[in-house]
Amino acid sequence: MENLAVFLDRDGTIIRDPGYLKRFEDIKCLPNIKKSLKIFKQLGYKIIVITNQSGIARGYFSEDFVKKTHETINKRCLNLIDAFYFCPHLPEDNCACRKPKTALIDQAIADFNIKKEGSFVIGDKESDVELGLNAGIEPILILNGEGIKCKSNTKASYIFRNLYEVALWIYQKASMA
C-alpha cells in the first residue's frame, strides 16, 4: 500500500532556526507543532524531516550530534516524526542529497513507499519549494523562519503563515473529500 507524506524542513519549520544549532538547550519547537503533527498523523500521513546540515562539514558539530538532536526533537514532538534525513555536505560540494536536489526525498519515498500525489513538501525556504518541484510533490511555503523573505518570488503552490495553518488546511481538504 502506498503512503502519503508531509516532508518537512527542520530549522524554521518545526523548530526555531538559531543559525547552526550547536546545543540541545537551543532546540525550541515552534508554536502548535505538536498539534500540527497530530493532525497529519490523524489523516494518515507519514511525517518525514528533510534537512541540510552543512555544519557537519564545517566542523561545527558531528553527525552523531545531529542524530541526537533529531532524537531530542522527536521526543519533544511526542515521537510523531517517522524519520529524519539529512545532508551533511557543504553547498559547494555539489552532492545529490543537498536540498533542492532530490536524493534524500527519493530515498524516503523508497523507504516508506510514498505516493507523490497527495503528499506535500513544506518549508520556510525557497530551497524547500524547489525540492518539492524537483521531486514532483506539491510545495508549500510557510512564512515563519526565512519564508517571509522569499514570499514575493516563490514558486510555491500555497503560502501559509505556519505549519499549523497548513495542517488545518489539509484537514479541511480531507474533510471535504
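Quick reminder: no glycine exception, Cβ is built from N, Cα and C everywhere.
TrEMBL entries are annotated by machine, without manual review.
Copied over from TrEMBL:
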type: ACT_SITE; residues: ASP9; note: active site, nucleophile
type: ACT_SITE; residues: ASP11; note: active site, nucleophile
type: BINDING; residues: ASP9, ASP11, ASP124, LYS125; note: Mg(2+) binding site
type: BINDING; residues: ASP9, ARG10, ASP11, ASP17, PRO18, GLY19, TYR20, THR51, ASN52, GLN53, SER54, ARG98, LYS99, LYS125; note: substrate binding site
type: BINDING; residues: CYS87, HIS89, CYS95, CYS97; note: Zn(2+) binding site
type: SITE; residues: THR51; note: site 'Stabilizes the phosphoryl group'
type: SITE; residues: ARG98; note: site 'Contributes to substrate recognition'
type: SITE; residues: LYS99; note: site 'Stabilizes the phosphoryl group'
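If you measure from the Cα atom of ASP9 (active site, nucleophile) to that of CYS97 (Zn(2+) binding site), you get 14 Å. For HIS89 (Zn(2+) binding site), the same-chain residues that are 6 or more apart in sequence and have a Cβ closer than 8 Å to its Cβ are SER54, ALA57, CYS95, CYS97, ARG98. Between the recorded positions THR51, ASN52, SER54, ASN52 has the most other Cβ atoms inside 10 Å of its own Cβ, all protein chains included. ASN52 (substrate binding site) and LYS125 (Mg(2+) binding site) are 11 Å apart (CA-CA, integer value). In terms of Cα spacing, the recorded positions ASP11, THR51, CYS87, ASP124 that come within 10 Å of PRO18 (substrate binding site) are ASP11. Sequence-distant contacts (6 or more apart, same chain, Cβ under 8 Å) of LYS99 (substrate binding site) comprise ASP9, ILE50, THR51, ASN52, CYS87, SER127, ASP128, GLU130, LEU131. Counting every protein chain shown, the Cβ of ASP124 (Mg(2+) binding site) has 27 other Cβ atoms within 10 Å. Rounded to a whole number, the distance between the Cα atoms of ASP11 (active site, nucleophile) and ASP124 (Mg(2+) binding site) is 8 Å.
In the three-state DSSP scheme, SER54 (substrate binding site) is classed as coil. Looking at ASP11 (active site, nucleophile) and TYR20 (substrate binding site), their Cα atoms lie 9 Å from each other. Annotation for TYR20 (substrate binding site): spatial neighbours GLY55, ARG58, TYR60, PHE61, criterion Cβ-Cβ under 8 Å with sequence separation of six or more. For the active-site residues ASP9, ASP11, the ranking by surrounding Cβ atoms (within 10 Å, all protein chains) places ASP9 first. HIS89 (Zn(2+) binding site) falls within neither a helix nor a strand when secondary structure is assigned with DSSP, and so counts as coil. Taking the centroid of the Cβ atoms of CYS87, HIS89, CYS95, CYS97 as the Zn(2+) site, the other same-chain residues with Cβ within 8 Å of it are ASN52, PRO88, ASP93, ALA96, ARG98, LYS101, ALA103, LEU104.
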